[in-house]
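Q: Dropping a structure here in structure tokens format, bear with me for questions.
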Amino acid sequence: MVMIHFFLAAVMVGAISLCPETAEAAVMGPSMQKLTWHYYKVYNTCENAENFVRHQVEKFYKSDKSIAPKLLRLLYSDCFVTGCDASILLEGPNSERMAPQNRGLGAFVIIDKIKIVLEQRCPGVVSCADILNLATRDAVHKAGAPSYPVFTGRRDGLTSDKQTVDLPSPSISWDTAMAYFKSRGLSVLDMATLLGSHSMGKTHCSYVVDRLHNFNKTGKPSSTINKSFLTEMAKQCPPRTRKGQTDPLVYLNPDSGSEHSFSSSFYSRVLSQKSVLEVDQQLLYNDDTKQISEEFSESFEDFRKSFALSMSKMGAINVLTKNEGEIRRDCRRRN
Ligand SMILES: *[C@@H]1O[C@H](CO)[C@@H](O)[C@H](O)[C@H]1NC(C)=O
Ligand SMILES: *[C@@H]1O[C@H](CO)[C@@H](O)[C@H](O)[C@H]1NC(C)=O
């Protein structure tokens, strides 16, 4: 615990300080160095771009708090597949959006609205990839996360192919999840932290029925679930016995529920074996991540700081810059 704490303390200074020099020194990976602090202001192309985005997000958030988890999931689905290039926003029969893992993605209309505003103010300048990163930051900030620095200057990808979508299912095993995060240059700490995004939002029963009723084809629930929570969940997600049975949505964190608030209660639930997804509950069964969960459940501040850092890292995965890609005029279509 002490070591992780020290590690967080050391790296976080940069992550949430608003001084780009410190941030660079402390946290930037090779990919992040391609991006610029306040790109649109520095290059004088759209001085108020970030304010326009924030204003729109605040307007949407007032009427729908679920945009925070929806944008987070959209950003994750974009960045982990071919990098943060807004390829997830492109429409078409073979686009990433059509992959089964991306069923139920939302928040596209928010990005469209922000893009329309920006095209009116600064035509052809602000990329959809930056809009997605900025809007997610601002929405999760409204929900209770820190307002971490989003470096900008991303450009939009030209292609989107559902065959490239290798996002793991929410019912993924721990080892597969870990290998997946490592393949994107993220660490165990990043994974433990980003799983904390499940502090808000919903998932489908189909991703949890097996662990409730027939874990690993044993005909029994997973031994990792707290008995009282199992009873509660089993009511909401009965066994699937016939085709065409409805597939209800359940809250990923019943403590947060319809408030969709970002908090460290996710980690307290991990410790008392009340995680909804098996992969979240597995945080308890690995020494490193058990310590991280204990630390985050005790200190919301440590979780917030780590979240700021991991989000910055995720937002920099395989970004396109300079003359790569394009600046889309309509986020759903190539120019
Ligand atoms: C699932 O069952 C298989 C074969 O019975 C076993 O090897 C494996 O360890 C089990 N997995 C878990 C997560 O319990
Ligand atoms: C299971 O839940 C009960 C009731 O909320 C709680 O008192 C207990 O500590 C939990 N079990 C574990 C292993 O944390």
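The first residue you see is number 1, and the count goes up from there.
Backbone N, Cα and C atoms are what each Cβ position is placed from, and that goes for glycine too.
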Q: Quick one: which of Cys128, Cys205, Cys237 does TrEMBL link to Cys331 by a disulfide?
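A: Recorded disulfide partner of Cys331 in TrEMBL: Cys128.
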Q: Which one, Cys122, Cys205, Cys237, is listed by TrEMBL as the other cysteine in the disulfide with Cys46?
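A: Disulfide pairing in TrEMBL: Cys46 with Cys122.
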Q: According to the record in TrEMBL, which candidate from Cys19, Cys79 pairs with Cys84 in a disulphide?
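A: That would be Cys79, the partner TrEMBL lists for Cys84.
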Q: What three-state class does DSSP give Pro168 (substrate binding site)?
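A: It is coil.
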Q: Tell me the Cβ neighbour count for Cys331 (disulfide bond), meaning other Cβ atoms within 10 Å of its Cβ, over all protein chains shown.
A: 22
Q: Can you list, in sequence order, the residues of the same chain other than Asp78, Val81, Gly83, Asp85, Ser87, Glu96 whose CB lies within 8 Å of the CB centroid of the Ca(2+) 1 site?
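A: Not counting the recorded site residues, we get Ser77, Cys79, Phe80, Thr82, Cys84, Ala86, Ile88, Gly157, Ser160, Thr164.
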Q: Out of Cys122, Cys128, Cys237, point to the one nearest Asp85 (Ca(2+) 1 binding site) in space (Cα versus Cα); all of them are disulfide-bonded residues in the record.
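A: Nearest candidate: Cys128.
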Q: Taking 10 A as the limit, how many CB atoms besides its own sit near the CB of Asp78 (Ca(2+) 1 binding site)?
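A: A count of 29.
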Q: Near Cys237 (disulfide bond), how many other Cβ atoms are within 10 Å of its Cβ?
A: 22
